[in-house]
Amino acid sequence: MQKYGSKKIGATSATSSNKQKVQIELTDEQRQEIKEAFDLFDMDGSGKIDAKELKVAMRALGFEPKKEEIKKMISGIDNGSGKIDFNDFLQLMTAKMSEKDSHAEIMKAFRLFDEDDSGFITFANLKRVAKDLGENMTDEELREMIEEADRSNQGQISKEDFLRIMKKTNLF
């Protein structure tokens, strides 16, 4: 949904683990920053960049894409040339920014649970939140929730565990 005469452009994205669509709006400043990164790495001025240039341009915008992620991104929009144009790049970066926003929201939620700032959600943290929300949950139910999310068997939920679980819920 590109509007050239307006202040913002929107793009819809869906992450592979999250089929829910997220609509974000780019400001003119963000669009300009993306355009500058694209132009900087479009060395030959062809209006297209290849996988290597895509990776460097994404890094310039603050992302750390893996080689496989780059291949997947390009194969999803490539017309056989192995290169993508600015509009495709803009769409990819809008999707990545949307993912970044969702990560920030999940971390914000984590901090609400992690009241003692320990870096973990403990049984006591979970019990407090359940009580604050008026959820009548038994200690056993709360312990089961922690066990379900806790991959390292520490009896508490790490940021990584919380992020993984929240991404599975399709809420973010």
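Every residue, even glycine, has its Cβ placed from backbone N, Cα and C.
The following features are taken from Swiss-Prot:
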REGION    1-23  region 'Disordered'
COMPBIAS  12-21  compositional bias 'Polar residues'
DOMAIN    29-64  domain 'EF-hand 1'
BINDING   Asp42, Asp44, Ser46, Lys48, Glu53  Ca(2+) binding site
DOMAIN    65-99  domain 'EF-hand 2'
DOMAIN    101-136  domain 'EF-hand 3'
DOMAIN    137-172  domain 'EF-hand 4'
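Cβ contacts within 10 Å of Ser46 (Ca(2+) binding site), excluding its own Cβ and spanning all protein chains shown: 11. For the recorded Ca(2+) site, residues Asp42, Asp44, Ser46, Lys48, Glu53 set the reference point as the centre of their Cβ atoms, and the other residues of that chain within 8 Å of it by Cβ are Phe41, Met43, Gly45, Gly47, Ile49, Asp50, Lys83. Counted within 10 Å of its Cβ, the other Cβ atoms near Asp42 (Ca(2+) binding site) come to 19, all protein chains included.
Contacts of Lys48 (Ca(2+) binding site) defined by a Cβ separation under 8 A and a same-chain sequence distance of 6+ are given as Asp42, Ser81, Lys83, Ile84, Asp85, in order along the sequence. Note on Glu53 (Ca(2+) binding site): other Cβ atoms within 10 Å of its Cβ, all shown chains, come to 20.
Each residue in the domain 'EF-hand 4' (137-172) has a pLDDT score, and their mean in this model is 87.
Reduced to three states, the DSSP call for Glu53 (Ca(2+) binding site) is helix.
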